[in-house]
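Q: Shown below is the structure under consideration.
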């Protein structure tokens, strides 16, 4: 830490928020220990740390959801031992959560002023729609929204929905906006818009705490980075010291030798395992897609969110029917009526939304892993719990799933371990084609590296791996080839020597690579 | 047997003891036989309903199906002179078809179970009334079917055969629900249908099968009810039976959101409901209060169960916190 920097800044502006020696314990865990930080007006703080480092606890304390055991929180000059939800809101702290809290059946204006609608005079207390609109317009302008106040939220993209959340924060005259993993589900172009909004907030003197696993974005936008590790402050980086390697070093307490194990030499491409011939997905019925996935390769599928990648994966996995064209597996025609058909052909999908479609949170690890292949774990169609446990134990040790036993409910596991359960259920079944949709979203760095290793091991074993990802570093670091989608079509395929962020981006927006 | 089921069993025994203390006729063989006969009839119905509820669905047409298929069964054997085994097979097949149609509308055409089966409730009741011209279907004087009557309304060693039928069906269905691959699929779909589909389960077929099972068991109970009452006026026969079945499942620990409940639970739920009916009769409570008593007990039962869950969760947390403090002190 640089002492002189701090003191000069402090003499200019008093911090809006400061935490001193905050400690919070839960039964069995110390979530935060002797943690101190301060946020000055108009400052953008990057807050990073692996899952379980204490970020969520810190957020809960700032949001007034929980109170610290010891320590002081000073907001705008007033010291507290803990905040309440109302107190937090009242002093101008606003949250934009990773999972958005919008009503997608209502329009933008209704969402922003939900529960605080301007009312017309009279006994019926009807909503004054005209006034509502005039109140919303300047807020939307400030976040640079390109949509109107009466657009239904369901029609907005994720980034636009986040803008609505930020506008909502502005509407309560927020002085500190806390963004929790705002970009984790955003494609690149949309991320840029969001980062611009952050800069606009800063220009207005509003402080921002930006929590993200995407370190290059933190690098771009933060004035100062605070790194949490095991509930303690691992270090603070001033603007000029912020870079990827420093952050990672502080997060995990050591330097990673290489960022991702990039595959060494370009391999000899295997035979085509899965082939799409002029496939038309329901999302882009007029845009035929041609794509070959070869054995032994990791084919990265990049593109903006909404470019049709997930929809293509759904067709490959038999969830949606194709509106035209044909699929081939190992050169033979393939007709998929359901996911069950795809599974029967060795085509497996690790879906984008783990909790909704990847696993059953109420079932145990063993029950989740055996589910797609249950008849093989049964005798005379009666399920054998011991056969299930055997399969699950094997995957548990194989994948390093951290859980007390295979009978543990998957809902109690961390995101990384849940993802490993999803992988485990397919690995137990001898995959031929493995499709992974955003396989490392919301997963901490350690588990990410393990999942990359697994994908590589699968490819080395001759499996065709198709990885959909919006994380540029991941796509470039992990793939053998990169296919890029733009508005429902493959706009180009890059070979190893053409890999660069710029080329992927150019293709993603429909231009030619260099 | 889960803790929930055990609690329900204890409640049944306590209510039984209280009723016996007030009116000793509760334990008379004739009363027990009558009650267990009703348990058999309603139990078969409720198991079918349970299979649908476990998928997160609901089957509201049960009562009307009991009326329609009961009417048809009596008409087939008493008026049209069909052999009863043939009529039996026909009725079961009709039940299966009704279930199949419901399941098809729900899974393929994506209609809501509530809507589909509500329409079924109205349609089958109407058809039943039209079929008899709003008259009563019954046997002519002196018409007898000794084997059929023995199997449905008879007794073996003093135990009603309908009750024995329920036990046999319950054992089979217990294995299906709690031990078979199909049963696991039902639970998985009830918990999260999307995730089940993404695991390669043909969810549509499984859900359809649940409605077919419900249809078949309803048809079977329709025959039992018909042979028990021996005359059916389609305007009122079987009315509210779907609600008895749903109530039994809910009492037995089923969640209407799906994915939760046990076969023993639904049987115990049926037993408790019939015990309450019996209680109303034996304790001289005006029979007009019948439904009010049932509703009140179900509400209290669900409330106690839910509050108990909250209490237990809180106690676990306090325990964990105490252990943590003790551990810290020891260090």
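Cβ from N, Cα, C; glycine included.
Keep in mind it's a predicted model, so treat the numbers as computed, not measured.
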Q: Check each of the ranges B:10-30, B:136-156, B:157-177 against TrEMBL and return the one annotated as transmembrane segment.
A: B:157-177
Q: Where among B:85-106, B:113-131, B:157-177, B:206-227, B:291-311 do we find the most Cβ pairs under 8 Å to the transmembrane segment (B:61-79)?
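A: Per the Cβ under 8 Å count, B:113-131.
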Q: Need a quick answer: max count of Cβ pairs under 8 Å to the transmembrane segment (B:85-106), which of B:37-54, B:157-177, B:206-227, B:291-311 is it?
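A: The stretch with the most contacts is B:206-227.
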Q: Apart from its near flanks, which chain residues at least 6 from the ends of the transmembrane segment (B:37-54) lie with a Cβ under 8 angstroms of it?
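A: Distal contacts: 62, 66, 113, 153, 160-166, 169-170, 173, 177, 186-187, 190, 210-211, 213-218, 220-221, 224-225, 228, 241-242, 244-246, 248-249, 252, 254-256, 258-261, 263, 266-267, 269-271, 273-274, 277.
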